[in-house]
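One structure is given below, encoded as structure tokens.
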Amino acid sequence: MVVYTSLTYLCVIYLTQYRADEEPVDQKKYLEDLCKPKCVKPLREYQACVKRIQGDESGHKHCTGQYFDYWTCVDKCVSIPLSQNGSI
Amino acid sequence: MAGGIIQQLLRKKLQGQSFVLSSLFSKKGYDGAGSTQAKSLRAIALLGAGVSGFLSFGTIASADEAEHGLACPNYPWPHEGILSSYDHASIRRGHQVYQQVCASCHSMSLISYRDLVGVAYTEDEVKAMAAEIEVVDGPNDEGEMFTRPGKLSDQFPQPYANEQAARFANGGAYPPDLSLITKARHNGQNYVFALLTGYRDPPAGVTIREGLHYNPYFPGGAIAMPKMLNDGAVEYEDGTPATEAQMGKDVVSFLSWAAEPEMEERKLMGFKWIFLLSLALLQAGYFRRLRWSVLKSRKLVVDVVN
């Protein structure tokens, strides 16, 4: 856990000093991509929900709950390495 | 619907528990000493009722998720601490983002150009910036209104003449004035950042009508504003790479300053006076105990002769 967070710290620092000829990577998207493997369980729940409502014609079924659970997990994970770096 | 079913279960459970209670009483016979046992049974019954009630409340509340919007995370802002000041370079960049991206729709009518002097720009820079806009002034000696270049004392220009014009140009939605937006929304700074950088594809089963866009942080999920912050939308003067997250951070720093320009002075004053008043409290406490010591160390003697 400590190794993981220090790794992300190094990666974020590296990213903020990109080489002039490279495209700058959006920091938030980068951290969100890093956090996706940590939030697999809510992601699977969401995907299961999508499958369940696939045939629905009524238009009343939706997966907002599972979607929110997944993004709450990702958001929390993204704000943690930022807090440990000191500031955004 | 679910709540109704659970209410029925609750009633049945309570009836079942009271039945158990009455059967226990008939078996053991009621006496004064047995009341503790009855009390604990009653407590268990109440706890069971409470838990069922709590669970039913939970199922009702979850239906309001999209209504309240996704809760935004708390980001570690550099100006968050008890003695932390604003990142003024960030305010300067944020003002640039506001001017180039946001000012075409959002007014900031409570901020004047002079407020920027010493905060994000020098006086000459602000004078030059103000002179670029045209301001309606007057009436002149002939009784006519005239336009003149802006001065330090003028407020930021408004994109629309009035609310109706703003609504008409934006499909019925009014782009709110941003002067106080971080104070006008719950958890404003984090909310605005999450909103600006949080445009995503809607969840399965949710469709947004033409003209609106999905944003999970916006209450209800359907916001009229399209995604405005895209990588490279602005070229920063100081060369900072303008990623979406960077622009979001800078514009929120700028909006936080705009809503609370007095923050730095307030924190200094607060720290100073809380410290001094704590010393005064210690002194007052000592003095009070000194004066009361006379009464608190009294001895009363009861001298009764029967």
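Cβ atoms are placed via backbone N, Cα and C, with glycine included.
Unlike curated entries, TrEMBL annotations are predicted automatically.
Within 10 Å of the C-beta of B:Cys105 (heme c binding site) there are 19 other C-beta atoms, taking all protein chains into account. DSSP assigns B:Cys105 (heme c binding site) to coil, not to a helix or a strand. TrEMBL lists B:Cys102, B:Cys105, B:His106, B:Met225 with the feature heme c binding site.
Under the heading domain 'Cytochrome c', TrEMBL lists B:89-196.
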Which of B:Cys102, B:Met225, the listed binding-site residues, has fewest other Cβ atoms within 10 Å:
B:Met225
Taking the Cβ of B:His106 (heme c binding site) as centre, how many other Cβ atoms lie within 10 Å?
22
Enumerate the residues of the same chain, B:Cys102, B:Cys105, B:His106, B:Met225 excluded, that satisfy the criterion Cβ within 8 A of the mean position of the Cβ atoms of the recorded heme c site; list them in sequence order.
B:Val101, B:Ala103, B:Ser104, B:Pro175, B:Leu178, B:Met228
